[in-house]
Amino acid sequence: MNLQALFDAALAMVCLALAFDASKARPAWRLSQLLLAAAAILGALRFSELLPMPSLHQFFSMLGAGVGLPLLAMAVIQPDSAVATQRRFAWIYAIVAATACIFLVMVAQIKAWTAVCALLSALCILVLAVKNQKKLTALGGLLLLMTLTAFALKLNVPPLLPGDLLHIGMSLSLLVLWTGSKRSV
């Protein structure tokens with residue numbers, strides 16, 4: 001198994017563990033993790049060549065960045081909101097965001113939309129965590145912002161590729177954010 005498949009599989013395991021650790025009272029968190037896990041699972045299958053379907057992996061990666069990360073931001077920065085606490089509103093948000101994302105990226109060809117959504121989500125987490133003096137959540141937001149920025153700039157540290165750094169950074173960020181959000185509940 002190559003490094004790309006290994007790091008995608010590790011991210012998938014982290015996301016699935018966090019999704020199943022989330023109580024039913026936190027549907028936005030759970031749904032965001034399941035969206036990110038779907039992209040990571042398809043990435044692991046793609047890079048291990050068990051199911052080499054790059055377009056399916058890219059589609060779910062688009063949904064992870066354009067829907068999953070904004071949903072995560074809602075769950076972290078507004079944990080008492082209807083979207084964060086009620087399954088129906090979490091799904092409504094996800095469907096509307098997915099429709100907008102598909103239209104903007106695939107129809108209107110605004111490829112930067114997913115990067116903008118992902119970076120703004122991380123920035124919102126960081127700014128509001130600092131404002132509310134939630135140090136662990138701020139650390140998770142900063143790590144997520146640095147990870148997404150490095151990926152957007154295509155930075156690499158040989159032998160790791162930008163995608164490898166993305167998967168490592170996302171795994172660590174999500175674990176820190178989860179720990180921070182559990183402490184504040």
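Yeah, the Cβs are placed from backbone N, Cα and C, and that goes for glycine too.
Look at TrEMBL and you will find 6-22 (among others) tagged as transmembrane segment.
The transmembrane segment annotation in TrEMBL covers 34-53 (among others).
Feature annotation from TrEMBL assigns transmembrane segment to 59-77 (among others).
TrEMBL lists 89-106 (among others) with the feature transmembrane segment.
Proximity of distant same-chain residues to the transmembrane segment (112-129), defined by a Cβ-Cβ separation under 8 Å and at least 6 residues beyond the stretch ends, is recorded for 61-62, 65-67, 69-70, 72-73, 76-77, 101, 104-105, 135, 137-138, 140-142, 144-145, 147-149, 152, 177, 180. The transmembrane segment annotation in TrEMBL covers 112-129 (among others).
Positions annotated as transmembrane segment by TrEMBL: 136-153 (among others).
Residues 7-8, 10-11, 14-15, 18, 21, 29, 33, 36, 40, 43, 72, 75-76, 79, 125, 129, 134-141, 143-144, 146-148, 150-151, 155-157 of the same chain sit 6 or more residues outside the transmembrane segment (165-181) yet have a Cβ under 8 Å from a Cβ within it. What TrEMBL lists as transmembrane segment is 165-181 (among others).
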What residues elsewhere in the chain lie close to the transmembrane segment (89-106), defined as a C-beta under 8 angstroms and at least 6 residues from its ends?
27-28, 31, 35, 62-63, 66-67, 70-71, 74, 82-83, 113-114, 117
Give the nonlocal contacts of the transmembrane segment (59-77) in its own chain as ranges (CB under 8 Å, at least six residues past its ends).
26, 28-29, 31-33, 35-36, 38-39, 42-43, 83-84, 90, 93-94, 97-98, 100-102, 105, 113-115, 117-118, 120-122, 124-125, 128-129, 137, 141, 174, 177, 180-181
